[in-house]
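**Student:** Feature annotation from Swiss-Prot assigns region 'Domain I, interacts with DnaA modulators' to 1-80; the stated evidence is sequence analysis. What Swiss-Prot lists as region 'Domain II' is 80-121, and the listing cites sequence analysis. The annotation region 'Domain III, AAA+ region' is assigned in Swiss-Prot to 122-338. Taken from Swiss-Prot, the feature ATP binding site covers G166, G168, K169, T170. The region 'Domain IV, binds dsDNA' annotation in Swiss-Prot covers 339-462, and the record cites sequence analysis as its basis.
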Amino acid sequence: METGDELWTKVRKGLQDKLSKPTFETFIRPTGCSSFSNGELKLLAPNPFTSIRLREQLLPTIAEMATSISGRSVQVTVLAETALPKSEFVADAAAVELTDVSEPRRESAPARPSGQRRYLPALNPRYVFGRFVVGQNSRMAHAAALAVAEAPGREFNPLFICGGVGLGKTHLMQAIGHYRLEIDPGARVAYVSTETFTNDLIQAIRKDGMQAFRDRYRAADLILVDDIQFIEGKEYTQEEFFHTFNALHEAGRQVVIASDRPPSQIPRLQQRLISRFQMGLIADIQSPDLETRMAILQKKAEQERMALPRDLIQYIAGRFTSNIRELEGALTRAVAFASITGLPMTVESVAPMLDPTGQGVAVSPQQVIEKVSEVFDVTAEEMCSSTRRRAVSQARQVGMYLMRQGTDLSLPRIGDTFGGKDHTTVMYAIEQIEKKLASDPKLAGQVQKVRDLLQIDSRSKR
């Protein structure tokens, strides 16, 4: 009798041919098998959202495939690895406290006119799901965006995507629009910034065109509203957007909103709007980790047909950590610099251009490990192992210390680089090396030699 893992591997392979690629990659591939006994296949989803998605839409397909492969009836259940924070998901709108109980009667959204593809600003052709690199920082938001694109107005309405500047909120929003237009070319997809919504409202008031303004926005099948944080303090704009939101939501039209912060943290935002925005799913996008940044650079290089050495990708990914726009901008500058000067695309040639302030050159974690192992005469494998041999332990501590100085990795990420060490271990290592440097001339000389090889300055980032 085959094991659960064996059965799930076969089922997953069968589903890959049956489901769309985005659906398979987002919901099936990251899901594992928990157990299989007495005809029950228990699956383990990576997060609550995936679990909900599998149960509500994909469970019959999975069960059918499992039954077909095993040759007997198989019941499928889905568990989630982690619990979704209560503040991020409100399953029932009645659970949200509404402060405004004397709202005017809500208007129904008018039926959409036929034969018109788009009636608000066109979407950027580059912002599609296929060009979005999914990392741990964005997996939830990507999965939610895909679910909304496939079934608008059903699962999460509204979908509120929040995150810092340049992390991919606009990309995901517009990808939803592109996806819907591919499925339904006649869909009325409206992508609009909050500034444009406000300006349109002002013009409508000046020209006595409020009815046309309302019809225009409330006829959308899918409305994508960017930078909603700029609505703060604009009382009349908030009033009009509130009624537009209600008209669309009650008609089952999908609303997607993006902001640089959660609804509750937008100052001077009406409580009734906060409540509406929290009715669906709030999906957060964090800054990408090193691996995701490298994947983003590799993806962009492939799209632009550029051949880049891996150490250069590692260098740029380690040097620019705040957002994706900055990261891609650095790559563009590096390529332009090499093209203009005729220099090869190497870390040595582009690093001075990417670090014009002379405040120290960032390095990749792999470079730190390589140079430390070279100077301290241990192997990189030993440094990342659990061995406690004194020479290896000291080299490992030096590596953690210099990685903290020369890269933008957090303490937990440094620990991961050294074989999954805890962040407290990294903190201890840094403290130990700082103490020893003041009393051990030999160690100080070795550390300085590594610094020189890596071009790391001596300023501590603690």
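Glycine is no exception: its Cβ is also placed from the backbone N, Cα and C atoms.
A quick note: this is a predicted structure, and the numbers were derived from the prediction, not measured.
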**Student:** For the recorded ATP site, whose residues are G166, G168, K169, T170, find every other residue on that chain with a C-beta no more than 8 angstroms from the centre of their C-beta atoms, and list them by sequence position.
**Tutor:** G163, V165, L167, H171, L172, A258, I285, I324, R325
**Student:** When the region 'Domain IV, binds dsDNA' (339-462) is classified with DSSP, how many of its residues are helical, how many are strand and how many are coil?
**Tutor:** 80 helix, 0 strand, 44 coil
**Student:** Taking every protein chain in this structure into account, which of the binding-site residues G166, G168 has the most other Cβ atoms within 10 Å of its Cβ?
**Tutor:** G168
**Student:** So which one is it: of the binding-site residues K169, T170, which has the fewest other Cβ atoms within 10 Å?
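**Tutor:** Minimum Cβ neighbour count within 10 Å, taken over the binding-site residues K169, T170, occurs at T170.
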